[in-house]
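Taken straight from Swiss-Prot:
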- 176: active site, proton acceptor (ACT_SITE)
- 294: active site, proton acceptor (ACT_SITE)
- 124, 174, 178, 295, 327, 379: substrate binding site (BINDING)
- 202, 204, 205: Mg(2+) binding site (BINDING)
- 202: N6-carboxylysine (MOD_RES)
- 334: site 'Transition state stabilizer' (SITE)
């Protein structure tokens, strides 16, 4: 269907039920304004449901519509405030699924509020019965809207200056086991990992304040470890102190204590919610603190290809919200992440401007105006033997976190950290010399291991470890002469 079927005049407001596409939510001739927010949905209608009607219903139910005509529409600027589905395309190689492009007037949204944005776009429509499934694939956020957010509190450039580390990825490790250690033993892990050559250590998502280790005890032992490691190495170090708690008051208390102890970074979990994330980001900016976000819980709605919210959308929202770090995938690790899709996530985090790149799952141009860049974090099943692949796939503006790949080292935690640092330095040197480090990677690592026993042990221990599973979320990209130009 390529033409509008909107009913105009007094018939539009007659009491009763009317198809969404006839109420003005399907406007194929509409030209989106520069100030419109545009959402791309993957729509899977129920059998027998017209895909155009299903897409118009998504537009309606995510903006001004309800299930029946209401005369109070006439008390508003209804033509302006209705979301408008202006394009519906079949999804390549996915029968029964359709891409619906929907434009929203900027006045529908509160400035600087992810909670309000998400309440409109995904708040109600995902349970709509005429749909088998619905996924929010991407969004275009106009500069006028982007500028109402503070963006990352610190940003990549200032973080590097604060840490005094340039020209290479930063190295980190999540303390393992994530639960059960006493504060003293937890601090010992932090000290050995940092002294061995890592830049950061990290709490995991579910370490908060439990009977085996109170949060205050953990903070004290961790910062003692950081200070000792800094004194021993002469380098600036940090540990992500997870301030996630049951209330905002408790989170602020923990963040303030971390600041008093001299920490350069705190951590929160995605599950605390968008308003709490923005509140902590504002606190971090006021207090010159780097803010790390663990994407805990995201796969419950980002992983399935036909229903939920794409992680590229979450990455955009979190850059607006103001976090400095976000876990964004590894490509080669144990967690979900198609190479092309992951590249798109990293571009969203790190670029000032994103062109449309369908092969990376990016459907719209995105101008980030003056917002700081967001540092992506790679963690989950990575080890020193993959260093050449990680550098090639992810670049240098990234935190590489080797949890098991540090703490599981056969010679101990400090040796594991040293192995990762030596592997990284060897690869950076090869890159700076102009070598083809991706294809020569194994040779480069083997040569470095001749003078580094910890690296030799790491390469031997994990030489056969790979996670070669097919990704469940890949770009829906079918090259054509027009698309591939």
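Any Cβ shown, glycine's included, is placed from N, Cα and C.
Model, not experiment: these values are computed from the prediction.
A map of Swiss-Prot features onto the structure.
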residue: 124; record: substrate binding site; contacts (Cβ under 8 Å, 6+ apart): 61, 62
residue: 174; record: substrate binding site; contacts (Cβ under 8 Å, 6+ apart): 201, 202, 203, 204, 379, 401, 403
residue: 176; record: active site, proton acceptor; contacts (Cβ under 8 Å, 6+ apart): 189, 204, 403, 404, 407, 408
residue: 178; record: substrate binding site; contacts (Cβ under 8 Å, 6+ apart): 204, 205, 206, 207
residue: 294; record: active site, proton acceptor; contacts (Cβ under 8 Å, 6+ apart): 204, 205, 242, 267, 268, 269, 270, 327
Would you measure the largest Cα separation among 124, 174, 178, 295, 327, 379 for the substrate site and round it to whole Å?
-> 36
Around the Cβ of residue 327 (substrate binding site), how many other Cβ atoms lie within 10 Å? Please give the count over every shown protein chain.
-> 23
Row residue 205 (Mg(2+) binding site), column other C-beta within 10 angstroms, all chains, value 20
Near the Mg(2+) site, what residues other than 202, 204, 205 in the same chain have a C-beta no further than 8 Å from the centroid of the listed C-beta atoms?
-> 174, 175, 178, 203, 206, 207, 240, 242, 267, 294
Other CB atoms, at most 10 A from the CB of residue 295 (substrate binding site) | 22
By a 10 Å Cβ neighbour count, the lowest-scoring of the binding-site residues 202, 204, 379 is 204
